[in-house]
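Quick look at what TrEMBL lists:
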TRANSMEM  26-46  transmembrane segment
TRANSMEM  107-133  transmembrane segment
TRANSMEM  145-164  transmembrane segment
TRANSMEM  218-244  transmembrane segment
TRANSMEM  281-302  transmembrane segment
TRANSMEM  309-326  transmembrane segment
TRANSMEM  332-348  transmembrane segment
TRANSMEM  355-373  transmembrane segment
TRANSMEM  385-404  transmembrane segment
Amino acid sequence: MRHTPMPVPDPTPTHVPPRGLATRPWLLKGVLTLIAMLLVFAAISYQRPVAEGGNPAVVDFHAFHVAGTLGLQGRAADGYDARKMARAQKAATGVKVFMPWTYPPPFTLFVTGLAALPLGLAYGLFTGLTLALYVTVLRRIAGPFLPGVILAMIPIIVLTVMTGQNGFLTGALTGWFLLALLAQRSGAGVPLGLMVIKPHLAAGLALLALTHRRWQTVAIAAVTVAAALLAATIAFGPSIWIAFIDGVRESGMFLSEGRYPMYRMISPYASAFRFGAEPGLAFAIQGAGAVIALGLLLIGWYRALPPRWLAASACAATVFVSPYAYDYDLCLLGVALALILPDLLARTRPWEQAALLVLCWVATGYGFVASYLPDGSAPAMNGQTLALMAPLVVALIAWVAVAMRRSIADAGIPAPSVDKQSRLLVS
């Protein structure tokens with residue numbers, strides 16, 4: 001029997017709980033002001049020359065700038081060679097670091113443009129603009145509940161600002177896609193296609209488009225991907241793809257050897273590996289986790305979950321697809337929370353909301369905090385910091401899923417009907 005595609009009605013939450021901390025404008029202004037100050041401080045410190053004998057802070061954005069500089073020099077393919085990339089990074093920073101480059105060539109083309117600017121300015125523009133875009137998209141989704149979303153995502157926002165990673169960009173593209181999909185706009189294919197910069201984070205989104213039979217959206221996404229691939233090929237030449245494939249193969253070897261900071265990874269692979277599983281078994285656990293996550297998303301679609309809940313489920317499922325997923329990729333959970341926060345608050349009491357907030361901070365901030373702890377302070381096994389983010393994030397998602405299954409009556413919390421103001425949540 002063929003399953004009828006789920007209709008997409010007015011994408012506002014079913015219930016709006018009484019206003020509380022999650023809707024306080026002063027909270028939003030305070031947090032964003034502190035984040036902006038942190039961003040400015042980081043931009044200045046990354047640009048400022050380091051005194052002789054000093055110990056400069058080297059973060060992910062340094063790798064972006066180095067890869068882009070190689071692109072400007074006509075040596076983009078060298079970025080995919082771990083040895084050549086390491087030499088270029090040491091020449092640029094004065095520090096020997098391990099940050100292999102495995103982003104697809106379209107993102108290499110993007111950072112090549114950024115590298116035309118000085119490091120501090122490039123970091124400030126990229127991080128500031130993508131943060132602004134991310135917050136804007138979250139506001140479109142969450143409406144007056146944006147302060148609560150930002151409060152829950154503080155660890156990831158701070159981490160992404162300090163590292164200059166692209167979590168804000170992928171989070172914004174994800175939110176843009178879901179807003180357009182909920183509004184039944186075929187233009188949703190544009191942000192879906194732009195996720196070619198991190199295709200594994202588009203798995204749940206693409207599955208959502210396919211199950212809803214949004215063929216125009218899929219076609220536009222395919223055209224967008226083709227355009228991005230063509231632009232990178234024209235800029236760097238066809239040989240860039242050979243270098244990219246070799247780089248991905250080499251990174252797989254590094255992953256099997258455990259050379260990445262796995263305590264910052266959110267994948268089942270990382271957790272299994274650090275708990276002693278052999279690489280083959282860890283990869284099998286990763287594959288099973290990805291299948292289960294996407295399978296649960298399909299079950300949610302088949303059972304006709306409310307559109308916003310299903311969209312949030314797609315975000316949650318996606319973060320478990322790749323063994324390479326890191327903590328900054330959890331910006332997608334901010335999109336998921338923005339979609340369901342009013343309904344979640346309507347189904348939980350204050351003590352449970354506080355407990356969920358603490359668990360959210362621990363689950364999303366574990367890797368960030370562990371990287372700053374003195375040696376031996378973080379949970380470890382065989383001298384290696386344990387990768388606990390995957391089980392913590394699973395526990396968080398499971399708790400939220402259980403809470404969302406309750407009816408408003410079961411929660412015992414009075415909630416008014418959706419009023420005119422709350423209908424502006426995604427307008």
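First residue shown is number 1, and so on along the chain.
Glycine is treated like the rest: Cβ placed from N, Cα and C.
Sequence-distant contacts of the transmembrane segment (355-373) (same chain, at least 6 residues past either end, Cβ-Cβ under 8 Å): 151-156, 158-159, 261, 263-265, 326-327, 330, 333, 348, 385, 388-389, 392-393, 395-396, 399-400, 403. By the count of Cβ pairs under 8 Å, the stretch nearest in packing to the transmembrane segment (145-164) among 26-46, 107-133, 218-244, 281-302, 309-326 is 26-46. Listed as Cβ neighbours of the transmembrane segment (281-302) (distance under 8 Å, sequence separation of 6 or more from its ends, same chain) are residues 3, 6, 203-204, 207-208, 211, 267-270, 272-273, 309-310, 313-314, 316-318, 320-323, 390.
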